[in-house]
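Per Swiss-Prot, zinc finger is recorded for 59-83. The annotation region 'Disordered' is assigned in Swiss-Prot to 110-162. For 115-136, the entry in Swiss-Prot reads compositional bias 'Basic and acidic residues'. Among the features that Swiss-Prot reports, compositional bias 'Basic residues' is placed at 151-162.
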Amino acid sequence: MGMVSKRKKMHYGDTHLQRRWRVRNRRRDLDQIDDDLQTRSGELINQNVDLDKPGFAQFYCVHCAKYFIDDTAMQAHFRTKVHKRRLKALEIEPYSIEEAERAAGRGSFVKPKKRAMETQPSKEDVVAGKRIRVEVVPEDTDATDSPSTSKTKRKKVEKMET
């Protein structure tokens with residue numbers, strides 16, 4: 001006779017994975033950050049002193065929605081891949097209610113606009129009047145208007161020979 005087998009604890013050591021998905025660790029979504037960029041970016045950079053936040057809420061990255069302890073930490077953050085990836089993600093216009101309705105069949109598809117995004121100016125520049133620039137990048141309309149298939153090229157060549 002063998003011994004009775006004990007129940008195995010499959011997810012016993014996964015507490016570090018569970019912590020990652022807790023609500024207190026949630027970051028702001030891209031559409032919320034885009035709304036902050038459009039409406040109140042200067043206000044977020046020049047916040048009042050708050051003793052509960054890191055760096056007394058004086059060093060805030062608007063694109064990543066994150067506080068830093070001092071200016072050197074924030075400038076080092078601007079050079080990291082995390083910040084650069086967030087800038088690239090913010091270049092595309094965020095998902096909207098209109099886009100959801102078009103996806104449900106209540107309209108025609110409109111390609112999301114691509115924008116030029118820059119890192120936020122320093123605090124002194126904001127006091128001087130500089131703001132975060134978000135510009136829509138114009139796309140090439142030549143490629144979408146005329147199809148470049150081999151049949152259309154052949155037809156043009158045939159017309160030239162006759």
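Placement of Cβ uses the backbone N, Cα and C atoms for every residue, glycine included.
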Cβ-Cβ under 8 Å with the zinc finger (59-83): same-chain residues at least 6 beyond its ends: 27-28, 32-33, 36-37, 41, 44-45, 47, 53, 90, 117, 119-120, 122-123, 132
Counts of helix, strand and coil residues, the compositional bias 'Basic and acidic residues' (115-136), according to DSSP: 6 helix, 6 strand, 10 coil
Helix, strand and coil counts within the zinc finger (59-83) (DSSP): 11 helix, 4 strand, 10 coil
